[in-house]
Amino acid sequence: MSIPLTLVLGGARSGKSRYAEGLVTAGPAPWVYVATAQAFDDEMVARIARHRADRADGWQTVEAPLDLAGALDAAPAGATVLVDCLTLWLTNLMLGEHGITAAIEALEAALDRRAAPVVLVANEVGLGIVPDNALARAFRDEAGRLNQRLAARAGRVLFLAAGLPLTLK
Amino acid sequence: MSIPLTLVLGGARSGKSRYAEGLVTAGPAPWVYVATAQAFDDEMVARIARHRADRADGWQTVEAPLDLAGALDAAPAGATVLVDCLTLWLTNLMLGEHGITAAIEALEAALDRRAAPVVLVANEVGLGIVPDNALARAFRDEAGRLNQRLAARAGRVLFLAAGLPLTLK
Amino acid sequence: MSIPLTLVLGGARSGKSRYAEGLVTAGPAPWVYVATAQAFDDEMVARIARHRADRADGWQTVEAPLDLAGALDAAPAGATVLVDCLTLWLTNLMLGEHGITAAIEALEAALDRRAAPVVLVANEVGLGIVPDNALARAFRDEAGRLNQRLAARAGRVLFLAAGLPLTLK
(Lines of atoms letter the chains of each structure in order from A and count residues from 1; the text may use other names and numbers.)
(Lines give C-alpha, C1' and ligand atoms only; values in the text may rest on other atoms or scores of the structure.)
Protein backbone atom coordinates (compact mmCIF):
# COMPACT_ATOMS: atom_id res chain seq x y z
CA MET A 1 0.00 0.00 0.00
CA SER A 2 1.78 3.10 -1.21
CA ILE A 3 -1.08 5.58 -1.52
CA PRO A 4 -0.20 9.10 -0.47
CA LEU A 5 -2.98 9.38 2.10
CA THR A 6 -3.35 12.40 4.39
CA LEU A 7 -5.76 12.71 7.34
CA VAL A 8 -6.65 16.19 8.60
CA LEU A 9 -8.24 16.10 12.06
CA GLY A 10 -9.71 18.99 13.97
CA GLY A 11 -12.63 20.39 15.89
CA ALA A 12 -15.57 22.40 14.65
CA ARG A 13 -14.44 25.59 12.87
CA SER A 14 -10.80 24.65 13.32
CA GLY A 15 -10.02 25.54 9.72
CA LYS A 16 -9.51 21.88 8.78
CA SER A 17 -11.50 22.05 5.52
CA ARG A 18 -9.68 25.12 4.27
CA TYR A 19 -6.32 23.67 5.27
CA ALA A 20 -7.11 20.40 3.49
CA GLU A 21 -8.16 22.31 0.37
CA GLY A 22 -4.81 24.10 0.46
CA LEU A 23 -2.99 20.77 0.60
CA VAL A 24 -4.87 19.58 -2.47
CA THR A 25 -4.57 22.75 -4.55
CA ALA A 26 -0.83 22.91 -3.85
CA GLY A 27 -0.62 19.96 -6.26
CA PRO A 28 -1.73 19.75 -9.88
CA ALA A 29 -5.41 19.58 -10.93
CA PRO A 30 -7.79 17.85 -11.44
CA TRP A 31 -9.19 18.09 -7.93
CA VAL A 32 -12.31 16.24 -6.84
CA TYR A 33 -14.22 17.39 -3.77
CA VAL A 34 -16.28 14.58 -2.27
CA ALA A 35 -18.90 16.15 0.01
CA THR A 36 -20.56 13.89 2.55
CA ALA A 37 -22.89 16.55 3.95
CA GLN A 38 -26.61 16.14 3.54
CA ALA A 39 -28.80 19.21 3.65
CA PHE A 40 -31.52 18.18 6.11
CA ASP A 41 -32.36 21.67 7.27
CA ASP A 42 -31.71 25.35 6.62
CA GLU A 43 -28.66 25.40 8.91
CA MET A 44 -26.97 22.67 6.84
CA VAL A 45 -28.01 24.25 3.53
CA ALA A 46 -26.35 27.48 4.64
CA ARG A 47 -23.23 25.70 5.87
CA ILE A 48 -22.82 23.73 2.63
CA ALA A 49 -23.35 26.82 0.49
CA ARG A 50 -20.77 28.75 2.54
CA HIS A 51 -18.20 25.98 2.19
CA ARG A 52 -18.81 25.73 -1.57
CA ALA A 53 -18.49 29.49 -2.03
CA ASP A 54 -15.21 29.43 -0.06
CA ARG A 55 -13.61 26.92 -2.46
CA ALA A 56 -11.35 28.04 -5.30
CA ASP A 57 -12.29 27.42 -8.93
CA GLY A 58 -11.11 24.21 -10.55
CA TRP A 59 -12.88 21.76 -8.27
CA GLN A 60 -15.25 19.06 -9.39
CA THR A 61 -17.78 18.48 -6.60
CA VAL A 62 -19.36 15.09 -5.97
CA GLU A 63 -21.97 14.42 -3.30
CA ALA A 64 -21.54 11.12 -1.53
CA PRO A 65 -23.40 11.02 1.76
CA LEU A 66 -23.11 7.21 1.97
CA ASP A 67 -21.17 5.63 -0.89
CA LEU A 68 -17.68 7.01 -0.37
CA ALA A 69 -16.07 3.96 -1.93
CA GLY A 70 -18.12 4.46 -5.08
CA ALA A 71 -17.18 8.13 -5.25
CA LEU A 72 -13.47 7.31 -4.92
CA ASP A 73 -13.71 4.66 -7.63
CA ALA A 74 -15.56 7.07 -9.94
CA ALA A 75 -12.98 9.87 -9.63
CA PRO A 76 -10.58 10.25 -12.60
CA ALA A 77 -7.48 8.10 -12.06
CA GLY A 78 -5.04 10.98 -11.76
CA ALA A 79 -7.26 13.29 -9.73
CA THR A 80 -6.45 14.31 -6.19
CA VAL A 81 -9.50 13.62 -4.05
CA LEU A 82 -10.58 15.50 -0.93
CA VAL A 83 -13.20 13.82 1.28
CA ASP A 84 -14.93 16.31 3.58
CA CYS A 85 -15.73 14.84 5.96
CA LEU A 86 -15.57 11.33 7.36
CA THR A 87 -17.44 12.25 10.52
CA LEU A 88 -20.54 13.38 8.68
CA TRP A 89 -20.33 10.23 6.59
CA LEU A 90 -20.29 8.19 9.79
CA THR A 91 -23.27 10.16 11.04
CA ASN A 92 -25.14 9.40 7.82
CA LEU A 93 -24.32 5.69 8.13
CA MET A 94 -25.49 5.53 11.74
CA LEU A 95 -28.68 7.54 11.20
CA GLY A 96 -29.56 5.37 8.20
CA GLU A 97 -28.76 2.17 10.11
CA HIS A 98 -26.23 1.12 7.49
CA GLY A 99 -23.51 -1.35 8.40
CA ILE A 100 -20.53 0.64 9.61
CA THR A 101 -17.91 -2.09 9.51
CA ALA A 102 -18.66 -3.10 5.93
CA ALA A 103 -18.72 0.53 4.81
CA ILE A 104 -15.33 1.24 6.41
CA GLU A 105 -13.84 -1.86 4.81
CA ALA A 106 -15.20 -0.79 1.42
CA LEU A 107 -13.68 2.66 1.94
CA GLU A 108 -10.30 1.18 2.79
CA ALA A 109 -10.40 -1.07 -0.27
CA ALA A 110 -11.25 1.93 -2.47
CA LEU A 111 -8.38 3.92 -0.95
CA ASP A 112 -6.06 1.02 -1.80
CA ARG A 113 -7.20 1.18 -5.43
CA ARG A 114 -6.19 4.86 -5.83
CA ALA A 115 -2.72 5.86 -6.95
CA ALA A 116 -3.20 9.65 -6.78
CA PRO A 117 -3.24 11.56 -3.47
CA VAL A 118 -6.28 11.47 -1.20
CA VAL A 119 -6.90 13.90 1.65
CA LEU A 120 -9.45 12.91 4.29
CA VAL A 121 -10.99 15.41 6.72
CA ALA A 122 -12.41 14.22 10.04
CA ASN A 123 -13.68 15.74 13.26
CA GLU A 124 -12.16 15.05 16.63
CA VAL A 125 -15.23 14.82 18.89
CA GLY A 126 -13.96 13.04 22.01
CA LEU A 127 -12.43 15.90 24.00
CA GLY A 128 -15.50 17.15 25.85
CA ILE A 129 -17.25 15.64 28.84
CA VAL A 130 -19.07 12.34 28.44
CA PRO A 131 -22.36 13.02 26.63
CA ASP A 132 -25.62 12.40 28.48
CA ASN A 133 -27.22 10.20 25.87
CA ALA A 134 -26.13 6.73 24.77
CA LEU A 135 -26.35 7.43 21.03
CA ALA A 136 -23.92 10.34 21.34
CA ARG A 137 -21.56 8.15 23.35
CA ALA A 138 -21.74 5.38 20.75
CA PHE A 139 -21.15 7.93 18.00
CA ARG A 140 -18.04 9.40 19.54
CA ASP A 141 -16.68 5.90 20.15
CA GLU A 142 -17.22 5.00 16.48
CA ALA A 143 -15.77 8.31 15.31
CA GLY A 144 -12.69 7.83 17.45
CA ARG A 145 -12.17 4.28 16.20
CA LEU A 146 -12.57 5.40 12.58
CA ASN A 147 -10.02 8.18 13.08
CA GLN A 148 -7.53 5.76 14.65
CA ARG A 149 -7.99 3.26 11.86
CA LEU A 150 -7.44 5.75 9.05
CA ALA A 151 -4.61 7.48 10.91
CA ALA A 152 -2.83 4.12 11.02
CA ARG A 153 -3.06 3.86 7.20
CA ALA A 154 -2.21 7.48 6.44
CA GLY A 155 1.28 8.66 5.63
CA ARG A 156 0.56 12.06 7.11
CA VAL A 157 -1.81 13.04 9.94
CA LEU A 158 -2.39 16.63 11.05
CA PHE A 159 -4.31 18.05 14.00
CA LEU A 160 -5.73 21.49 13.26
CA ALA A 161 -6.53 24.20 15.79
CA ALA A 162 -7.30 27.82 14.97
CA GLY A 163 -6.37 27.12 11.35
CA LEU A 164 -2.86 25.92 12.24
CA PRO A 165 -1.51 22.35 12.04
CA LEU A 166 0.22 20.14 14.57
CA THR A 167 1.90 17.14 12.99
CA LEU A 168 0.81 13.83 14.49
CA LYS A 169 2.55 11.81 11.78
CA MET B 1 1.79 45.19 11.24
CA SER B 2 4.64 44.30 13.55
CA ILE B 3 2.90 43.88 16.89
CA PRO B 4 4.27 41.07 19.03
CA LEU B 5 0.94 39.29 19.41
CA THR B 6 0.61 35.93 21.16
CA LEU B 7 -2.51 33.74 21.26
CA VAL B 8 -2.80 31.12 24.00
CA LEU B 9 -5.49 28.53 23.23
CA GLY B 10 -6.69 25.76 25.48
CA GLY B 11 -9.60 23.99 27.09
CA ALA B 12 -11.22 24.59 30.45
CA ARG B 13 -8.68 24.31 33.29
CA SER B 14 -5.86 23.68 30.82
CA GLY B 15 -3.61 26.14 32.64
CA LYS B 16 -3.84 28.66 29.79
CA SER B 17 -4.38 31.72 32.04
CA ARG B 18 -1.47 30.90 34.28
CA TYR B 19 0.77 30.14 31.31
CA ALA B 20 -0.19 33.42 29.64
CA GLU B 21 0.53 35.30 32.87
CA GLY B 22 3.97 33.70 32.91
CA LEU B 23 4.62 34.88 29.37
CA VAL B 24 3.75 38.43 30.38
CA THR B 25 5.65 38.55 33.66
CA ALA B 26 8.76 37.15 31.96
CA GLY B 27 9.00 40.61 30.39
CA PRO B 28 9.27 44.01 32.09
CA ALA B 29 6.35 45.69 33.89
CA PRO B 30 3.94 47.43 33.66
CA TRP B 31 1.48 44.60 33.07
CA VAL B 32 -2.20 45.21 32.44
CA TYR B 33 -4.68 42.41 32.97
CA VAL B 34 -7.85 42.94 30.94
CA ALA B 35 -10.57 40.75 32.42
CA THR B 36 -13.60 40.02 30.27
CA ALA B 37 -15.42 37.95 32.89
CA GLN B 38 -18.71 39.20 34.27
CA ALA B 39 -19.82 37.96 37.65
CA PHE B 40 -23.43 36.93 36.97
CA ASP B 41 -23.60 34.36 39.73
CA ASP B 42 -21.76 32.95 42.74
CA GLU B 43 -19.88 30.42 40.61
CA MET B 44 -18.39 33.20 38.47
CA VAL B 45 -17.67 35.41 41.48
CA ALA B 46 -15.68 32.56 43.03
CA ARG B 47 -13.86 31.80 39.77
CA ILE B 48 -12.87 35.45 39.24
CA ALA B 49 -11.70 35.82 42.85
CA ARG B 50 -9.62 32.65 42.55
CA HIS B 51 -7.99 33.83 39.31
CA ARG B 52 -7.24 37.24 40.85
CA ALA B 53 -5.74 35.70 43.99
CA ASP B 54 -3.56 33.45 41.81
CA ARG B 55 -1.97 36.41 40.02
CA ALA B 56 1.38 37.82 41.10
CA ASP B 57 1.68 41.39 42.42
CA GLY B 58 2.44 44.11 39.93
CA TRP B 59 -0.64 43.77 37.76
CA GLN B 60 -3.10 46.52 36.97
CA THR B 61 -6.52 44.95 36.45
CA VAL B 62 -9.10 46.41 34.09
CA GLU B 63 -12.58 44.96 33.58
CA ALA B 64 -13.76 45.04 30.00
CA PRO B 65 -16.64 42.66 29.41
CA LEU B 66 -17.50 44.33 26.09
CA ASP B 67 -15.19 47.17 25.08
CA LEU B 68 -11.89 45.37 24.57
CA ALA B 69 -10.73 47.90 22.00
CA GLY B 70 -11.26 50.72 24.49
CA ALA B 71 -9.34 48.84 27.18
CA LEU B 72 -6.40 48.27 24.84
CA ASP B 73 -6.36 51.94 23.81
CA ALA B 74 -6.49 53.03 27.47
CA ALA B 75 -3.53 50.88 28.57
CA PRO B 76 -0.22 52.76 29.03
CA ALA B 77 1.74 52.79 25.79
CA GLY B 78 4.60 50.61 27.01
CA ALA B 79 2.52 48.16 29.03
CA THR B 80 2.25 44.51 28.15
CA VAL B 81 -1.44 43.62 28.01
CA LEU B 82 -3.02 40.26 28.79
CA VAL B 83 -6.61 39.73 27.63
CA ASP B 84 -8.31 36.88 29.51
CA CYS B 85 -10.29 35.76 27.70
CA LEU B 86 -11.62 36.28 24.20
CA THR B 87 -14.18 33.52 24.50
CA LEU B 88 -15.95 35.10 27.46
CA TRP B 89 -15.87 38.39 25.59
CA LEU B 90 -17.57 36.70 22.64
CA THR B 91 -20.14 35.23 25.04
CA ASN B 92 -20.83 38.68 26.43
CA LEU B 93 -21.24 40.10 22.93
CA MET B 94 -23.63 37.34 21.87
CA LEU B 95 -25.72 37.43 25.06
CA GLY B 96 -26.00 41.21 24.81
CA GLU B 97 -26.86 41.01 21.13
CA HIS B 98 -23.97 43.29 20.21
CA GLY B 99 -22.57 43.24 16.68
CA ILE B 100 -19.80 40.66 16.61
CA THR B 101 -18.20 41.59 13.32
CA ALA B 102 -17.84 45.26 14.20
CA ALA B 103 -16.48 44.40 17.65
CA ILE B 104 -13.84 42.08 16.20
CA GLU B 105 -12.79 44.68 13.65
CA ALA B 106 -12.50 47.27 16.42
CA LEU B 107 -10.38 44.82 18.44
CA GLU B 108 -8.09 44.19 15.46
CA ALA B 109 -7.68 47.92 14.85
CA ALA B 110 -6.82 48.45 18.53
CA LEU B 111 -4.27 45.62 18.38
CA ASP B 112 -2.71 47.34 15.36
CA ARG B 113 -2.35 50.54 17.40
CA ARG B 114 -0.29 48.87 20.14
CA ALA B 115 3.49 48.66 19.96
CA ALA B 116 4.03 46.71 23.20
CA PRO B 117 3.33 42.99 23.49
CA VAL B 118 -0.21 41.67 23.79
CA VAL B 119 -1.13 38.17 24.94
CA LEU B 120 -4.64 36.92 24.16
CA VAL B 121 -6.18 33.91 25.91
CA ALA B 122 -8.99 31.97 24.22
CA ASN B 123 -10.87 28.74 24.74
CA GLU B 124 -10.93 25.95 22.23
CA VAL B 125 -14.55 24.74 22.42
CA GLY B 126 -15.05 22.73 19.23
CA LEU B 127 -13.62 19.34 20.15
CA GLY B 128 -16.66 17.73 21.74
CA ILE B 129 -19.71 16.29 20.04
CA VAL B 130 -22.11 18.62 18.25
CA PRO B 131 -24.19 20.44 20.90
CA ASP B 132 -27.93 19.83 21.02
CA ASN B 133 -29.01 23.42 20.90
CA ALA B 134 -28.61 25.85 18.03
CA LEU B 135 -27.25 28.72 20.15
CA ALA B 136 -24.40 26.56 21.41
CA ARG B 137 -23.62 25.48 17.84
CA ALA B 138 -23.62 29.09 16.67
CA PHE B 139 -21.39 30.05 19.59
CA ARG B 140 -18.78 27.42 18.89
CA ASP B 141 -18.76 28.39 15.22
CA GLU B 142 -18.16 32.04 16.12
CA ALA B 143 -15.53 31.11 18.71
CA GLY B 144 -13.70 28.94 16.20
CA ARG B 145 -13.77 31.66 13.55
CA LEU B 146 -12.50 34.24 16.05
CA ASN B 147 -9.64 31.96 17.07
CA GLN B 148 -8.68 31.37 13.44
CA ARG B 149 -8.76 35.06 12.67
CA LEU B 150 -6.56 36.09 15.59
CA ALA B 151 -4.24 33.12 15.10
CA ALA B 152 -3.62 34.35 11.56
CA ARG B 153 -2.52 37.77 12.94
CA ALA B 154 -0.48 36.43 15.84
CA GLY B 155 3.24 35.85 15.68
CA ARG B 156 3.02 33.05 18.20
CA VAL B 157 0.15 30.63 18.89
CA LEU B 158 0.22 28.01 21.64
CA PHE B 159 -2.18 25.17 22.46
CA LEU B 160 -2.21 24.35 26.16
CA ALA B 161 -3.09 21.00 27.72
CA ALA B 162 -2.49 20.06 31.34
CA GLY B 163 -0.54 23.28 31.79
CA LEU B 164 1.92 22.47 29.00
CA PRO B 165 2.22 24.15 25.59
CA LEU B 166 2.24 22.79 22.08
CA THR B 167 3.48 25.31 19.52
CA LEU B 168 1.05 25.90 16.67
CA LYS B 169 3.03 28.87 15.36
CA MET C 1 11.76 12.80 43.29
CA SER C 2 13.20 10.74 40.48
CA ILE C 3 10.32 8.47 39.57
CA PRO C 4 9.99 7.79 35.86
CA LEU C 5 6.41 8.99 35.62
CA THR C 6 4.53 9.24 32.32
CA LEU C 7 1.12 10.86 31.77
CA VAL C 8 -0.86 9.89 28.67
CA LEU C 9 -3.68 12.34 27.95
CA GLY C 10 -6.32 12.07 25.29
CA GLY C 11 -9.99 12.13 24.42
CA ALA C 12 -12.48 9.30 24.27
CA ARG C 13 -11.32 6.57 21.86
CA SER C 14 -8.10 8.43 21.14
CA GLY C 15 -6.08 5.25 21.53
CA LYS C 16 -4.56 6.42 24.81
CA SER C 17 -5.01 3.12 26.67
CA ARG C 18 -3.46 1.06 23.90
CA TYR C 19 -0.62 3.52 23.53
CA ALA C 20 0.04 3.49 27.27
CA GLU C 21 0.04 -0.32 27.25
CA GLY C 22 2.64 -0.22 24.50
CA LEU C 23 4.84 2.07 26.58
CA VAL C 24 4.66 -0.38 29.48
CA THR C 25 5.20 -3.59 27.51
CA ALA C 26 8.21 -2.06 25.72
CA GLY C 27 9.94 -2.52 29.09
CA PRO C 28 10.50 -5.69 31.11
CA ALA C 29 7.70 -7.49 32.99
CA PRO C 30 6.12 -7.68 35.51
CA TRP C 31 3.37 -5.31 34.44
CA VAL C 32 0.51 -4.36 36.73
CA TYR C 33 -2.68 -2.94 35.24
CA VAL C 34 -4.61 -0.87 37.79
CA ALA C 35 -8.17 -0.52 36.52
CA THR C 36 -10.29 2.25 38.03
CA ALA C 37 -13.44 1.42 36.07
CA GLN C 38 -16.51 0.24 37.93
CA ALA C 39 -19.08 -1.79 36.06
CA PHE C 40 -22.33 -0.03 36.98
CA ASP C 41 -24.22 -1.05 33.86
CA ASP C 42 -24.07 -3.25 30.75
CA GLU C 43 -22.31 -0.57 28.73
CA MET C 44 -19.44 -0.42 31.22
CA VAL C 45 -19.30 -4.21 31.56
CA ALA C 46 -18.87 -4.48 27.79
CA ARG C 47 -16.28 -1.71 27.69
CA ILE C 48 -14.20 -3.24 30.49
CA ALA C 49 -14.35 -6.71 28.91
CA ARG C 50 -13.27 -5.29 25.54
CA HIS C 51 -10.32 -3.44 27.08
CA ARG C 52 -9.27 -6.57 29.00
CA ALA C 53 -9.49 -8.76 25.89
CA ASP C 54 -7.39 -6.22 23.97
CA ARG C 55 -4.50 -6.46 26.44
CA ALA C 56 -1.51 -8.73 25.80
CA ASP C 57 -0.74 -11.65 28.08
CA GLY C 58 1.58 -11.05 30.99
CA TRP C 59 -0.47 -8.44 32.82
CA GLN C 60 -1.59 -8.67 36.41
CA THR C 61 -4.88 -6.79 36.74
CA VAL C 62 -5.91 -5.01 39.93
CA GLU C 63 -9.21 -3.21 40.38
CA ALA C 64 -8.94 0.01 42.33
CA PRO C 65 -11.94 2.26 41.80
CA LEU C 66 -11.06 4.41 44.82
CA ASP C 67 -7.83 3.38 46.59
CA LEU C 68 -5.22 4.09 43.94
CA ALA C 69 -2.55 4.78 46.56
CA GLY C 70 -3.16 1.36 48.11
CA ALA C 71 -2.94 -0.34 44.72
CA LEU C 72 0.37 1.36 43.95
CA ASP C 73 1.78 0.40 47.34
CA ALA C 74 0.64 -3.21 46.87
CA ALA C 75 2.27 -3.66 43.45
CA PRO C 76 5.58 -5.62 43.43
CA ALA C 77 8.52 -3.26 43.91
CA GLY C 78 10.01 -3.78 40.46
CA ALA C 79 6.76 -3.86 38.51
CA THR C 80 5.82 -1.24 35.97
CA VAL C 81 2.35 0.03 36.83
CA LEU C 82 -0.26 1.34 34.41
CA VAL C 83 -3.19 3.29 35.93
CA ASP C 84 -6.16 3.43 33.54
CA CYS C 85 -7.57 5.90 34.14
CA LEU C 86 -7.35 8.86 36.49
CA THR C 87 -10.50 10.48 35.16
CA LEU C 88 -12.72 7.53 36.04
CA TRP C 89 -11.04 7.46 39.45
CA LEU C 90 -11.96 11.12 39.91
CA THR C 91 -15.51 10.33 38.84
CA ASN C 92 -15.69 7.56 41.43
CA LEU C 93 -14.39 9.90 44.12
CA MET C 94 -16.89 12.62 43.27
CA LEU C 95 -19.88 10.28 42.96
CA GLY C 96 -18.99 8.66 46.27
CA GLU C 97 -18.47 12.05 47.93
CA HIS C 98 -14.93 11.13 48.95
CA GLY C 99 -12.43 13.87 49.68
CA ILE C 100 -10.66 14.68 46.45
CA THR C 101 -7.78 16.71 47.82
CA ALA C 102 -6.76 14.06 50.36
CA ALA C 103 -7.05 11.31 47.74
CA ILE C 104 -4.81 13.19 45.30
CA GLU C 105 -2.24 13.85 48.01
CA ALA C 106 -2.27 10.16 48.93
CA LEU C 107 -1.78 9.27 45.26
CA GLU C 108 1.16 11.64 44.94
CA ALA C 109 2.76 10.24 48.08
CA ALA C 110 2.35 6.69 46.73
CA LEU C 111 3.90 7.73 43.40
CA ASP C 112 6.86 9.13 45.34
CA ARG C 113 7.31 5.75 47.03
CA ARG C 114 7.69 3.88 43.74
CA ALA C 115 11.06 3.40 42.05
CA ALA C 116 9.83 1.51 38.97
CA PRO C 117 8.07 3.25 36.07
CA VAL C 118 4.43 4.32 36.35
CA VAL C 119 2.24 5.28 33.41
CA LEU C 120 -0.95 7.23 34.14
CA VAL C 121 -3.78 7.55 31.62
CA ALA C 122 -6.20 10.47 31.84
CA ASN C 123 -8.95 12.01 29.75
CA GLU C 124 -8.87 15.54 28.47
CA VAL C 125 -12.49 16.68 28.91
CA GLY C 126 -12.32 20.47 28.72
CA LEU C 127 -12.32 21.12 24.97
CA GLY C 128 -16.06 21.15 24.30
CA ILE C 129 -18.56 23.89 25.04
CA VAL C 130 -19.40 24.70 28.66
CA PRO C 131 -21.70 21.96 29.97
CA ASP C 132 -25.24 22.87 30.98
CA ASN C 133 -25.17 21.40 34.44
CA ALA C 134 -23.09 22.55 37.38
CA LEU C 135 -21.86 19.06 38.34
CA ALA C 136 -20.39 18.52 34.88
CA ARG C 137 -18.69 21.92 35.07
CA ALA C 138 -17.27 21.12 38.50
CA PHE C 139 -16.09 17.76 37.22
CA ARG C 140 -14.23 19.14 34.24
CA ASP C 141 -12.61 21.76 36.46
CA GLU C 142 -11.41 19.06 38.87
CA ALA C 143 -10.26 16.83 36.00
CA GLY C 144 -8.31 19.69 34.44
CA ARG C 145 -6.66 20.58 37.73
CA LEU C 146 -5.73 16.94 38.35
CA ASN C 147 -4.18 16.67 34.89
CA GLN C 148 -2.17 19.85 35.43
CA ARG C 149 -0.95 18.68 38.80
CA LEU C 150 0.23 15.28 37.59
CA ALA C 151 1.65 16.72 34.38
CA ALA C 152 3.83 18.98 36.52
CA ARG C 153 5.24 15.91 38.33
CA ALA C 154 5.64 13.72 35.25
CA GLY C 155 8.85 13.42 33.31
CA ARG C 156 6.96 12.72 30.10
CA VAL C 157 3.50 13.91 29.04
CA LEU C 158 1.83 12.87 25.79
CA PHE C 159 -1.37 14.05 24.12
CA LEU C 160 -2.98 11.33 22.00
CA ALA C 161 -5.24 11.86 19.01
CA ALA C 162 -6.28 9.16 16.55
CA GLY C 163 -3.82 6.79 18.22
CA LEU C 164 -0.84 9.08 17.63
CA PRO C 165 1.13 11.09 20.22
CA LEU C 166 2.04 14.73 20.47
CA THR C 167 4.76 15.40 23.03
CA LEU C 168 3.79 17.98 25.64
CA LYS C 169 6.86 17.22 27.75
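Glycine too: its Cβ is placed from the backbone N, Cα and C atoms.
Heads up, TrEMBL stuff is auto-annotated, nobody curated it.
The feature active site, GMP-histidine intermediate is assigned by TrEMBL to B:His51. Annotation source TrEMBL lists GTP binding site at B:10-17, B:35-37, B:52-55, B:Glu63, B:Asp84.
On the structure: features taken from TrEMBL.
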{"residue": "B:Gly10", "record": "GTP binding site", "DSSP (3 states)": "strand"}
{"residue": "B:Lys16", "record": "GTP binding site", "DSSP (3 states)": "helix"}
{"residue": "B:Thr36", "record": "GTP binding site", "DSSP (3 states)": "coil"}
{"residue": "B:His51", "record": "active site, GMP-histidine intermediate", "DSSP (3 states)": "helix"}
{"residue": "B:Glu63", "record": "GTP binding site", "DSSP (3 states)": "strand"}
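Neighbour counts were taken as the number of other C-beta atoms within 10 angstroms of each residue's C-beta; across the binding-site residues B:Arg13, B:Lys16, the minimum falls on B:Arg13.
Annotation for the recorded positions B:Gly10, B:His51, B:Ala53, B:Glu63: lowest Cβ count within 10 Å of the residue's own Cβ, B:Ala53. Across the fold, the C-alpha of B:Arg13 (GTP binding site) and the C-alpha of B:His51 (active site, GMP-histidine intermediate) stand 11 Å from each other. Less than 8 angstroms from a Cβ of chain C: among the binding-site residues B:Arg13, B:Thr36, B:Ala53, that describes B:Arg13. In sequence order, B:Glu63, B:Ala64, B:Pro65, B:Leu68, B:Val83, B:Asp84, B:Cys85, B:Leu86, B:Leu88, B:Trp89, B:Asn92 constitute the residues six or more apart from B:Thr36 (GTP binding site) in its chain with CB-CB distances below 8 Å.
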